[in-house]
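Participant: This structure is in structure tokens; I'll ask about it shortly.
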Amino acid sequence: MTVTPTSRSITKAILSKEQAEGAGARVRRSIGRPELRNHDPFLMLDEFNVDKNGGFPDHPHRGFETVTYMLEGQFQHEDFAGHKGTIGPGDLQWMTAGRGIVHSEMPVKSQTRAHGLQLWINLPREHKMCEPQYQELLDGQIPRANPAEGVVVKVIAGESHGVKSQVYTRTPTMYLDFKVAKNKTVIQTIPKTFTGFIYMLKGTAFIGDKEFEGKAHHTLTFSEDGAETVKITTKDEDAHFVFIAGEPLKEPIVQHGPFVMNTTEDIYRTFIDYQSNQNGFERAKNWRSTIAG
């Protein structure tokens with residue numbers, strides 16, 4: 001007799017409300033709002049929509065990673081170390097800010113809009129002051145799993161149905177993009193200690209044995225009951241969503257804007273480092289990006 005594993009359930013559904021961010025940009029923020037200040041190890045999730053006149057001009061980061069996943073359009077990025085590039089639909093940039101990055105993220109001016117997701121992942125204490133690093137993958141370099149007809153899973157980080165990502169995660173993380181045709185059921189495994197959520201991009205999905213209804217622009221957080229599967233079902237329409245989960249750090253979080261450390265003293269020291277162009281911010285002195293105009 002085959003026993004179907006018990007699925008995790010959904011404990012909370014948060015609508016990502018649109019707000020202004022950066023310079024003339026609009027984002028739908030879920031994690032990072034008062035209703036879900038953070039979801040250890042995740043600090044923020046934005047679904048961004050930026051036209052050619054908006055963007056995120058020169059700004060710093062320290063103590064965490066930013067993961068930018070493009071859905072439509074193209075985005076340029078440039079940092080104070082001379083790293084520069086463009087990512088387009090389906091492409092990924094996994095940036096470890098570590099001890100310090102100052103960069104700019106702007107849409108390609110010929111595009112009508114740039115649409116994507118940006119996730120902030122906290123770094124454990126021992127990696128907060130590591131050297132910055134980039135991992136960039138084009139859409140075609142991201143492996144796919146096909147667990148059933150009508151189900152395609154892009155394995156951005158972690159593993160799904162025997163397919164593994166090449167992305168190295170300092171904080172153990174899985175990041176999966178699901179496109180599921182109507183009237184399908186897929187079961188995704190998840191390590192028992194991971195926290196996680198689904199962010200709905202399009203359509204409707206029913207999660208867990210009780211079939212919690214998830215709709216577009218909602219973040220659906222998983223129960224933390226040690227179950228090692230999540231059951232996802234579609235009915236009369238297709239669904240597109242991301243499935244994100246990670247190992248909670250269980251460390252103090254002190255965040256001030258783009259700086260995330262463990263103590264108030266660490267944050268104070270970060271402000272001094274940034275203002276004094278030292279301890280990772282040396283190259284910030286007199287630097288201005290070319291893409292922010």
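Cβ coordinates are placed from backbone N, Cα and C, and glycine is handled just like the others.
Remember, predicted model here, so these are calculated numbers, not experimental data.
OK, TrEMBL features for this one:
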- 25-121: domain 'Pirin N-terminal' (DOMAIN)
- His59, His61, His103, Glu105: Fe cation binding site (BINDING)
- 175-279: domain 'Pirin C-terminal' (DOMAIN)
Participant: Note down the number of other Cβ atoms within 10 Å of the Cβ of Glu105 (Fe cation binding site), including every protein chain shown.
Facilitator: 28
Participant: Suppose you look only at the domain 'Pirin C-terminal' (175-279); what would the mean pLDDT be?
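Facilitator: PLDDT averaged over the stretch: 97.
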Participant: Around the C-beta of His103 (Fe cation binding site), how many further C-beta atoms are within 10 angstroms, looking at every protein chain?
Facilitator: 25
Participant: Looking at the binding-site residues His59, His61, which sits with the largest number of other Cβ atoms within 10 Å of its Cβ?
Facilitator: His61
Participant: With an 8 Å cut-off on Cβ distance to the His59, His61, His103, Glu105 Cβ center, who else from the chain surrounds the Fe cation site?
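Facilitator: Output for this site, in sequence order: Phe56, Asp58, Pro60, Thr66, His77, Asp79, Ile101, Val102, Ser104, Pro258.
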